[in-house]
There are 4 protein chains.
Amino acid sequence: MSITGQQLEDIRQARATTTATLRPTVPALEEVLYEPIPLLDHGFIRVIDYMGDDNAVVQAARVSYGRGTKKVSEDRGLIMYLMRHWHTTPFEMAEIKFHVKLPIFVARQWIRHRTASVNEYSARYSILDKEFYLPAPEQLAAQSSANRQGRGDVLEGEEAQRVLDLLRGDAERTYADYAWMLNEGTDEQAADPDRSGLARELARMNLTLNTYTQWYWKTNLHNLMHFLRLRADPHAQYEIRVYAEKMLDIMKRWVPITTEAFIEHRMESASLSRTALAAVKRMIAGEQVTAATSGLSAREWRELAATLGLPEA
Amino acid sequence: MSITGQQLEDIRQARATTTATLRPTVPALEEVLYEPIPLLDHGFIRVIDYMGDDNAVVQAARVSYGRGTKKVSEDRGLIMYLMRHWHTTPFEMAEIKFHVKLPIFVARQWIRHRTASVNEYSARYSILDKEFYLPAPEQLAAQSSANRQGRGDVLEGEEAQRVLDLLRGDAERTYADYAWMLNEGTDEQAADPDRSGLARELARMNLTLNTYTQWYWKTNLHNLMHFLRLRADPHAQYEIRVYAEKMLDIMKRWVPITTEAFIEHRMESASLSRTALAAVKRMIAGEQVTAATSGLSAREWRELAATLGLPEA
Amino acid sequence: MSITGQQLEDIRQARATTTATLRPTVPALEEVLYEPIPLLDHGFIRVIDYMGDDNAVVQAARVSYGRGTKKVSEDRGLIMYLMRHWHTTPFEMAEIKFHVKLPIFVARQWIRHRTASVNEYSARYSILDKEFYLPAPEQLAAQSSANRQGRGDVLEGEEAQRVLDLLRGDAERTYADYAWMLNEGTDEQAADPDRSGLARELARMNLTLNTYTQWYWKTNLHNLMHFLRLRADPHAQYEIRVYAEKMLDIMKRWVPITTEAFIEHRMESASLSRTALAAVKRMIAGEQVTAATSGLSAREWRELAATLGLPEA
Amino acid sequence: MSITGQQLEDIRQARATTTATLRPTVPALEEVLYEPIPLLDHGFIRVIDYMGDDNAVVQAARVSYGRGTKKVSEDRGLIMYLMRHWHTTPFEMAEIKFHVKLPIFVARQWIRHRTASVNEYSARYSILDKEFYLPAPEQLAAQSSANRQGRGDVLEGEEAQRVLDLLRGDAERTYADYAWMLNEGTDEQAADPDRSGLARELARMNLTLNTYTQWYWKTNLHNLMHFLRLRADPHAQYEIRVYAEKMLDIMKRWVPITTEAFIEHRMESASLSRTALAAVKRMIAGEQVTAATSGLSAREWRELAATLGLPEA
């Protein structure tokens, strides 16, 4: 994480200014407000603002006049019920805004979630910093042979070293050429007065996809959960999953009851297809169901066995 | 506006609880937070929560680390620039939530704005109050002869009285029959133990479209402005326009600079078609342009003349 | 279903005009194109247009150059895989457009699905027909005692008759008063030249919520399935469910493989919460799990027992 | 444009298969269906499918039963009216789907338009081709001094040559290293059996932002126009503008009347702020308005002068 002294000072000042509000506040989330939480080698995530809390969900579901007036146990039961029965609109009533620094190839996955508001640092308008992502050695994995879009074993020895050298060398060279083409001067080298310098909107095309960018990203609690269900999942690429996992921690500070319901009914729930459900019923009735008699494809059977913790998995 | 004692007490309590926050707050908006602002005969609008302020727009546009650090005049200039050049995403970074009580036929127009979150009071689940909208006499207008979807002169005399009597009589009768079909008992009459009572989800179909409903409605500043541009416009139906106008007042408390930019560049701006622009250029050059020589249709010419305040209008 | 002779003639003409296209076509869907399929007492649903087929899903998932070139069995396997693993974007690549006639209270539920395009018949601009929904006797149900938003037993005898009389009587009276207020003349009665007539945008508020409206409704296959999952479900209100069920039939004509996958992995699948999954694993291992030892609430246990077809349900 | 023989064969076959449909067809658009239209050095755009035509707009606005039955002049007038008065929903009733090949930095701008469906070629799953964008010499522009996010004069001589050499050299080197890290073998070099090869989802991060990607992109006519208004505008970056301009040509084939209305009321229209409108009124009245007396900022005045073709511009 590379934050300049001026940026740290801006953050310190933001954390120094307390005001009084009639709105609901969440002390556990205020504790980390504005603070950059480091991720990967240069990334971070910061909570910039939020609106609402667990109670906002309850209040909207009841279209109530006050701030949610029933007993805590009833509120919790209502949130569990809403989650279980996919009554999703009350969860749209709470909102959160992040400032995220992330590699461009991660940003490209992230942006596919369309139901959010985004303002990205513009490389048409400004110059990107010299920061690029290099995987930690334990993340340098071979292509998975089982999964066309997954990772297999960790690379080792000479090949691993060579890969890291290439990634670093190429990122450094392309960045240096980017800076040369811009000809706007750096700490190390003044601009050449005899050259015009290439337009920023063109020069940026020379950067590699592991270059860091940053953005403001704002979404509601419902869409946040949709994002987390897909991106905090073990099938998600590691580099986006680390962001999602930190966001899940933040969500727990913000809306602890909704987070509990989310883990119970989404993150750690299982979906059984019609055929899988029929097989499970037979298993419960004591029948010995096999891949062959289950009616499932080989791959579906493996997935079901893994879900149920069957020895066949 | 009909709010029960318990509801007023809930609101009073919500306004009594101040907490400290590191988030930006807007004192002028806090002044009216939770307070019902009356509208039409039984409607209201209340601000329930908000996130961000004018500064949030600036901060997102700059993807900055602090709370917006430049001079006020620069921030104002940036907001004006963003509005003028349709850089809309920074305005998505502020959010507001309302509680609204409104006639069903107004709710049907309002809901067509899809980019908002809504939780409506459920008449499948609960019983609607006996409240329906009756236009004030000065709003009881005849069909416009010029505009297929507008109002003309105010109705007067016997016809006006008869219309009001019919609206009131029909709403009262259909509500009474709704209550009878439900058979859940009212203050005036106990439930009949020998009857089952019709399901709420069915009985509601007997109500007229001027019955009041209520909802929580949450949207971001960009989509709020889109709503206001269409619904605070003189062509909008009066009954939704009064809500939009109050929301514009609220917006001014919340984000005064953005509101100024919005009025300058949207609400009171004019759009000239290619042909209208060509006509305006000729007028400025001193030429006497007429409907016939303008290249516009008769209707377009009238609209342009009205925009420019020409005598032909 | 009330369609005039002119409208039937318009439909007949639309079905008489065949043209050649290079686009994919679906003969089974063309068979019913434009034809009104009757629903409830006066409603209908018509397919107006469509784009894509099962193959469009495959083609987009592969970003392929041709029209999907692999074997049918591979295409089917891919669609099953996409559905099972919630790869939803390829299903957005097919689109369908309906013309629907439906009671206003059903339209109010339906419109909550925001991810569709809608053009509704405007009662600001035009006059609504005298058509309103009256439930068939077997649909006239009492409020459910178990479910706050459901139906219980069918009403019978005098109460049922009285309910139907009230619904019919109120709808007829409010419509007659609507027509009187408009004063635009009907087949039965000429307009009164001495009256101005109330503006259409106001008069409509006197109609009851069972009045029929109509709209064009267009959505993509992904969002259609989301709609059907919620509205073709037994918990949906009967009056919207009948529309969803017809749309599911239409979907089967249009995209038979996707429909098969949708039924297998969505409509007839089951979701097990973390706690329910743990209970199921113990059952499969031969343990006798009860409500008390399951860790589930009483209500969750009933739902699980029903899903698994346990005797306790 | 680099399309393989197999891909051309797929396209040829798709164009060879005509079927009969009851749906509206647009012969002028069928002429170019599936055909790749070349763009930049390796890009293309292809129309893959479409739904509806100018008539679909009219039909939805009228919620009509047939295929649009009035005279052509009335249909045209209605489309002009809808466009002029921002009645946008009928334009959502037509849909179009493209297959686009484009540099990644262009894809990053394009994807910010959220109201579309997208399936992108996956570099987690597959290997990207060795194709990258190099600007034509006349597009190699210096940074604009007037506009922080624009281009100025064309680079010339040695500097231009050096920029092109760097862009080409860096793209070739990073691609070669990408291929080496993958170790999956190429036409030129077999995979090294002693190396594992880096996972595709990691190796891709070494590519530069001018590498070509491709996607299926589907949107409705309303959202297409929104995209074109921003991206076919002279302020848009050249590399995305060339795509938008081809799409505008395609739109003209598809919906000629809507395109005419779009150009008249959007592309070549002018928006005057409240203050600018007041200045224009004074000009028409014969007053000599200057920057100083206009009430506009220096920048706004320049923009207004350019719009009106005033000598001060």
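Cβ coordinates are placed from backbone N, Cα and C, and glycine is handled just like the others.
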Of the candidates C:Arg84, C:Arg148, C:Arg151, C:Arg204, which does TrEMBL annotate as part of the dUMP site that also includes C:Gln109, C:Trp110, C:Ile111, C:Arg112, C:Glu120, C:Tyr121, C:Ser122, C:Ala123, C:Arg124, C:Arg231?
C:Arg204
Binding-site residues in contact range of chain D, given that the Cβ distance is under 8 Å, out of C:Thr89, C:Ile111, C:His113, C:Glu120:
C:Thr89, C:Glu120
Against chain B, with Cβ pairs under 8 Å, which of the binding-site residues C:Thr89, C:Ile111, C:Ser122, C:Arg124, C:Leu221, C:His226 show up? Give them in sequence order, please.
C:Ile111, C:Ser122, C:Arg124
Taking C:Gln109, C:Trp110, C:Ile111, C:Arg112, C:Glu120, C:Tyr121, C:Ser122, C:Ala123, C:Arg124, C:Arg204, C:Arg231 as the record's dUMP-binding set, what's the max Cα pairwise distance in Å, rounded to a whole number?
29
Within its own chain, what residues at least 6 apart in sequence put their Cβ under 8 Å from the Cβ of C:Thr89 (FAD binding site), listed in sequence order?
C:Ala60, C:His222
Just the number: how many Å between the Cα atoms of C:Glu120 (FAD binding site) and C:Gln109 (dUMP binding site)?
14
Just the number: how many Å between the Cα atoms of C:Arg124 (dUMP binding site) and C:His226 (FAD binding site)?
31
Maximum Cα-Cα separation (Å), residues C:Thr89, C:Arg112, C:His113, C:Arg114, C:Glu120, C:Asn220, C:Leu221, C:His222, C:His226 listed as binding FAD:
28
Taking the Cβ of C:Glu120 (FAD binding site) as centre, how many other Cβ atoms lie within 10 Å?
19
Distance between C:His226 (FAD binding site) and C:Ile111 (dUMP binding site) at the Cα atoms, whole Å?
13
Tally every other Cβ atom lying within 10 Å of the Cβ atom of C:His113 (FAD binding site).
17
Under 8 Å Cβ to Cβ from C:Ser122 (dUMP binding site), same chain, six or more residues apart: give me those in sequence order, or none if nothing qualifies.
none
Three-state secondary structure of C:Arg124 (dUMP binding site) from DSSP?
coil
